[in-house]
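Annotated domain 'F-box' per Swiss-Prot: 25-72, in sequence order, evidence recorded as sequence analysis. Look at Swiss-Prot and you will find 77-103 tagged as repeat 'LRR 1'. Positions annotated as repeat 'LRR 2' by Swiss-Prot: 104-128. The repeat 'LRR 3' annotation in Swiss-Prot covers 129-153. Residues or ranges marked as repeat 'LRR 4' by Swiss-Prot: 177-201. Feature annotation from Swiss-Prot assigns repeat 'LRR 5' to 324-352. Look at Swiss-Prot and you will find 367-392 tagged as repeat 'LRR 6'. Look at Swiss-Prot and you will find 393-422 tagged as repeat 'LRR 7'. The repeat 'LRR 8' feature in Swiss-Prot is assigned to 468-492. Marked as repeat 'LRR 9' by Swiss-Prot: 516-540. Positions annotated as repeat 'LRR 10' by Swiss-Prot: 542-567. As annotated by Swiss-Prot, repeat 'LRR 11' applies to 572-597. According to Swiss-Prot, the feature repeat 'LRR 12' maps to 599-623.
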Amino acid sequence: MASSGEDISNDDDDMHPAAAGMADGVHLLGFSDEILLHILSHVPSTDLILNVRRTCRKLAALCLDKSLIHTVLLQKDYQASEDKVRQLVKEIGREIQQLSMAGCYWLPGSTVEHVARCRSLVKVNLSGCHLTSLRLSKMLSALQHLRSLAIDVSPGFDASQLSSECKATLSRVRELKQTLFTPSYGVVPCCTSLEKLLLYFEILDRTREGAILSGQLMVGQSNVPHYQNLRVFYARLAPGYINQEVVRLYLAVLSDRTPQNLHAFLISVPGSFAESGATKNLLDSMARNVVLDALQLPKSWLNGSSLLQHMKFNNPFYFSFSRCTLSGGHLIQQVINGGKDLRSLASLNLSGCVHCLSPDSLLRKAEDDIDSSILETLVASCCNLRHLNLSAAHHHSSEGLGRHLCQLLARLRHLRSLSLPVCSVADSAPRADRAPAQPAMHAVPRGFGKKVRVGVQSCPSPFSGQACPQPSSVFWSLLKNLPFLEHLELIGSNFSSAMPRNEPAIRNSLPPCSRAQSVGDSEVAAIGQLAFLRHLTLAQLPSVLTGSGLVNIGLQCQQLRSLSLANLGMMGKVVYMPALSDMLKHCKRLRDLRLEQPYFSANAQFFQALSQCPSLQRLCLVSRSGTLQPDAVLAFMARCLQVVMCHLFTGESLATCKSLQQSLLRSFQAERPALNVVIFPLLHEGLTDVIRDVPLVHLDEITLFKSRVAEEPPNLWW
């Protein structure tokens, strides 16, 4: 899985320069081998070997160049059918040294097993693939050169079925990424040379039949993890108590003897995770014996603790203090050491740290203005930051020349991804000479009925030019100074998705921050300055009147790959539909679209507009009381041949949803092996059971809403 939202899949629509050359009368084969190899590197491996290679002698030779076949990436190659993968392995398997089949959930174990033919493999990523213990054993027994492995551990896994040859291979593995769907050590005890361990805990508290699972493992001398050479430990937990129980068993061994070479220790836990005696011993040992360059801890381990001031860091590149009650004073004193040079820091996650830009957390209210001197110190010390997350907090700037949050962040010229709360980009506190905007939800009930926005002038034409960004806007200036930004998130500080993980759908959300009322179409239009933008999230912008700024983005952000829009404008009416339809005409490279909006009508007009996105692969719609037209969905899927994921959660009846889902699968499954369709009522009590069957790659990347900037360290996994 790509970290921090990075897109590492093959990009065959980047071959346009060659097409342009041919239009000028230059034949493709007239280019040098070096240029041709660069062009061919953007062609999916299956297409390269099974099709392009057979066109002529020159391409036949180039397609077998080591630079193209030593590393094969099949993740997100949704056209990679069973036959294609088997044929690919048969033809170049012996040459492949690095193979990623991450998220290839549609391939059966019998096909994945063919990886055993790639005997030169050094790295292989099989996360999301179906493999039994016996098949894994057979495959690993043949891969004697393997040093990096990523697998899933599913119910039924039995380490006793692993052969001695398999265990010999595992003993040489230095990097392991293991996604756990059942309480287990997996293959960790067999990996006696581990230097990097990544653990993803996705264990559900109950079985499908409702039985409560136990997190206890059979712990014996033979199945204790070996951590003596460990340099990187990373654990990410999905919600649920059982994931916390199991991770404690992994941590218990670390607390007995902390590896001296440990330099990255990261635990990502939603909610609270109580500190135990063993974890306290581990942290004390780390403070005494190790020097870290990456750190993330559960908020309950840091809140009220002096731990940070005892930790030792050397050229740190990643910090995450997400949801911690870290004050700005502590941030400066304990992390930045009063302004110490932290030019090495590449990624910083302060999401949900509501007091991190204020000197003291005890006397501050959430809506109080920030202390700009703290942010100024942070910016000066961490001048090479590439990824910064300040979402899920109220970071309000006071009046003051050059002291606005946007003006200070504009100094971070190396930023490539940025996540901000909507209220933080408002120009300033409302002035006496400016009529205040009417809050979108304050004057209306918060039940299921449609909300009527009062005190707002009638909407102008979406294309009247009123969304042109104002050069005097601090947000406009910020984006002007960050022209190479690739990932931008503007998320309302009070926003919560209607579809959380492992819980019923949320029926109501908190009203937006009052400062967010002055952020609307003009600010959205300013995003059009970002010519290199690839990923965009806009959530809870109540003052979007027409969505005309979206057209600006569609016209100018031609690199846009993923778009997530949630709760824009008035909650009782989708006011931006005409603008969105016009925007989509220009999104030729858009692959992922997620829309979350109450009362959204997924009608023929919407799907007709969506059909103009030729690269679209994944669609997710979440709409309380929303409607859809089954015929329009079927026609859209017939026109858009690249779409392999269609998730629609609306207010339609269960019968309507089931009928449409069956029709889609019956019509398109045979031609699209990776097709994943979920059509289900958003507020139905069975939603949790439906979600558990969604492939993790889709669930994690698009179906569930979350901030993805600085979510993980850069380049955590290849």
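Just so you know, the numbers here start at 1 and follow the chain as drawn.
Cβ atoms here come from the backbone N, Cα and C positions, even for glycine.
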Study note, to complete from the structure: Taken over the repeat 'LRR 10' (542-567), the predicted model's pLDDT averages 97
Check your understanding: Same-chain Cβ contacts of the repeat 'LRR 3' (129-153) under 8 Å, 6 or more residues past its ends?
Key -> 101-102, 104-105, 107-109, 112-113, 115-123, 159, 161-163, 165-166, 168-170, 172-182, 184, 186-187, 198, 717-718
Practice item. On the DSSP side of things, how many residues of the repeat 'LRR 8' (468-492) fall into helix, strand and coil, could you say? Key: 8 helix, 5 strand, 12 coil
Revision key, fill the gap. Counting only residues at least 6 beyond its ends, the same-chain positions whose CB falls under 8 A of a CB in the repeat 'LRR 9' (516-540) are 5, 7, 417, 419, 421-423, 425-427, 430, 436-440, 466-470, 473, 475-476, 479-480, 482-495, 509, 546-550, 552-553, 555-568, 596, 705, 707-708
Point to revise | the repeat 'LRR 2' (104-128), counted residue by residue under DSSP: helix, strand, coil | key: 9 helix, 3 strand, 13 coil
Practice item. Go ahead and report the DSSP secondary structure tallies for the repeat 'LRR 3' (129-153): helix first, then strand, then coil. Key: 9 helix, 6 strand, 10 coil
